[in-house]
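I have placed the structure first, in the form of structure tokens, so that the comments after it can refer back to it.
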């Protein structure tokens, strides 16, 4: 009897449908996802290796970049392998516990990415607005403290989601029309009130919006400082140091912003568009970030070229 009740309260598994409406082309959709994952793995691993081995990159900016690379490896690995399983091998079933774990890591790494981008904006603000005090402010101790705060805040945002879902009874269908498990997608399957889940989810969105506001404020101060510089050459040089970070911010927040808008207001938009946009903001940034920094950062570019030249010889 207890086993039956437990099964009714928490289903043994869920079914992830992938991208509803595009099932016939799942196998082809999986191809770009596979290459994106390959770029994310190779690119972020290469950047971590270069930052570790290149003495000139042992600076606060690159320590934050190493954090971002580690997060991107985690985020891409938490999402894409399961997607490829759905697209190529039709492995749509995922256990209840597996789905919660899947959700935890996706939301955790997403929250981490957001706050690390704030830390990187703070780094650029100090570098441009207080250059003489840069190494005095961003000491190893402060960087470790920022990393600790990023982890703790992300846990604060995500751990309660697990318990909010565990308290819910699931007595309806167990089909999730998505490529991965996410909080509200699971909560909507419950046959009880999910008001607390919605409120906590809105609280998390508010924290992410706060991150965006902090980044904007940092760049307002940066732009003010830049345009106070005496020459255009100095201004362009200062702005160039922010180019990679701005590219990474846009790669992360732009798909997330459009995904939120279509989910909130695009009721007439086909469901597969919602799912594709939701995939973009967890899949694309981990692949784009190493490309953006690799192309725009001279030390990284030269170090990678030296590695390839040694390999060829």
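Every residue gets a Cβ built from N, Cα and C, even glycine.
Marked as topological domain 'Extracellular' by Swiss-Prot on the basis of a curator's inference: 1-30 (among others).
The N-linked glycosylation site feature in Swiss-Prot is assigned to 5; the stated evidence is sequence analysis.
Look at Swiss-Prot and you will find 31-51 (among others) tagged as transmembrane segment. If you look at the transmembrane segment (31-51), the same-chain residues 6 or more away from its ends with a CB under 8 A from one of its CBs are 57-58, 62-63, 65-66, 69-70, 72-73, 76-77, 80-81, 83-84, 87, 279, 283-284, 286-287, 289-291, 293-294, 300, 303-304, 307.
For the topological domain 'Cytoplasmic' (52-59), the model's average pLDDT works out to 87. Residues or ranges marked as topological domain 'Cytoplasmic' in Swiss-Prot: 52-59 (among others).
Per Swiss-Prot, transmembrane segment is recorded for 60-80 (among others).
According to Swiss-Prot, the feature topological domain 'Extracellular' maps to 81-101 (among others), an assignment based on a curator's inference.
The disulfide bond annotation in Swiss-Prot covers 99-181 and is backed by sequence analysis. Other Cβ atoms within 10 Å of the Cβ of residue 181 (disulfide bond), summed over all protein chains shown, number 24. Secondary structure at residue 181 (disulfide bond), taken from DSSP and collapsed to helix, strand or coil, is coil.
Under the heading transmembrane segment, Swiss-Prot lists 102-122 (among others), citing sequence analysis as support. Packing against the transmembrane segment (102-122) from elsewhere in the chain are residues 61, 64-65, 67-68, 71-72, 74-75, 78-79, 82, 94, 146, 149-151, 153-155, 157-159, 161-162, 165, 180-183, 186, 204, 207-208, 211, 214-215, 218-219, 245, 248-249, 252, 282, 285: each is 6 or more residues past its ends and has a CB under 8 Å from a CB in it.
Taken from Swiss-Prot, the feature topological domain 'Cytoplasmic' covers 123-144 (among others). Here the topological domain 'Cytoplasmic' (123-144) has long-range neighbours at 60-61, 63-64, 218-219, 221-222, 225-226, 238, 241-242, 245, meaning same-chain residues at least 6 beyond its ends whose C-beta is under 8 angstroms from one of its own.
Per Swiss-Prot, transmembrane segment is recorded for 145-165 (among others), and the stated evidence type is sequence analysis. Same-chain residues lying 6+ beyond the ends of the transmembrane segment (145-165) with a Cβ under 8 Å from its Cβ atoms: 67, 100, 103-104, 107-108, 111-112, 115-116, 119, 183, 186-187, 190, 196-197, 200-201, 204, 207.
The topological domain 'Extracellular' feature in Swiss-Prot is assigned to 166-199 (among others); the stated evidence is a curator's inference. Long-range Cβ contacts of the topological domain 'Extracellular' (166-199) within its own chain (Cβ-Cβ under 8 Å, at least 6 residues beyond either end) map to 8-11, 13-20, 79, 82-83, 86, 94, 99-100, 102-103, 106-107, 271, 275, 278-279, 282.
As annotated by Swiss-Prot, transmembrane segment applies to 200-220 (among others). Among residues of the same chain six or more beyond the transmembrane segment (200-220), those with a C-beta under 8 A of the stretch's C-beta atoms are 107, 111, 114-115, 117-118, 121-122, 124-125, 153, 157, 160-161, 164, 183-184, 242, 246, 249, 253, 256, 260.
The topological domain 'Cytoplasmic' annotation in Swiss-Prot covers 221-240 (among others) and is backed by a curator's inference. In terms of DSSP secondary structure, the topological domain 'Cytoplasmic' (221-240) contains 15 helix, 0 strand, 5 coil.
Long-range contacts of the transmembrane segment (241-261) within the same chain, counting only residues at least 6 positions beyond its ends with a Cβ under 8 Å from a Cβ of the stretch, are 68, 113-114, 117, 120-121, 124, 127-128, 205, 208, 212, 215, 219, 222, 274, 277-278, 280-281, 284-285, 288-289, 292-293, 296-297. The transmembrane segment annotation in Swiss-Prot covers 241-261 (among others).
Annotation source Swiss-Prot lists topological domain 'Extracellular' at 262-274 (among others), citing a curator's inference.
Remote same-chain residues near the transmembrane segment (275-295) are listed as 19-20, 33, 36-37, 39-40, 43-44, 46-47, 65, 68-69, 72-73, 75-76, 79-80, 83, 106, 110, 113, 177-180, 182, 244, 247-248, 251-252, 255-256, 258-259, 262-263, 301, 304 (criterion: CB distance under 8 Å, separation of at least six residues from the stretch ends). What Swiss-Prot records for 275-295 (among others) is transmembrane segment, and it gives sequence analysis as the kind of evidence.
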Inset, instruction - Let me know the DSSP-derived helix, strand or coil state of residue 99 (disulfide bond), please. - result: helix
Inset, instruction - List the residues of the same chain that sit at least 6 positions away from residue 99 (disulfide bond) in sequence and have their Cβ under 8 Å from its Cβ, in sequence order, or write 'none'. - result: 13, 14, 176, 181, 186
Legend entry - Surrounding residues of the topological domain 'Extracellular' (81-101) on its own chain - C-beta under 8 Å, 6+ positions past either end: 10-18, 26-27, 29-30, 33-34, 37, 162, 165-166, 176, 179-181, 186, 279, 283
Inset, instruction - Could you give the residue numbers and ranges of same-chain residues that sit at least 6 residues beyond the transmembrane segment (60-80) on either side and whose C-beta is under 8 angstroms from one of its C-beta atoms? - result: 33-34, 36-37, 40-41, 44-45, 47-48, 51-52, 102, 105-106, 109-110, 112-113, 116-117, 119-120, 123-124, 127, 134-135, 138, 143, 147, 150, 179-180, 248, 279, 282-283, 285-287, 289-290, 293
Inset, instruction - By DSSP assignment, list the helix, strand and coil residue numbers for the topological domain 'Cytoplasmic' (52-59), in that order. - result: 5 helix, 0 strand, 3 coil
Inset, instruction - Provide the three-state DSSP residue tally for the topological domain 'Cytoplasmic' (123-144): helix first, then strand, then coil. - result: 19 helix, 0 strand, 3 coil
Inset, instruction - With a Cβ cut-off under 8 Å, give me the same-chain residues at least six positions beyond the ends of the topological domain 'Cytoplasmic' (221-240) that come close to it. - result: 124-125, 128-129
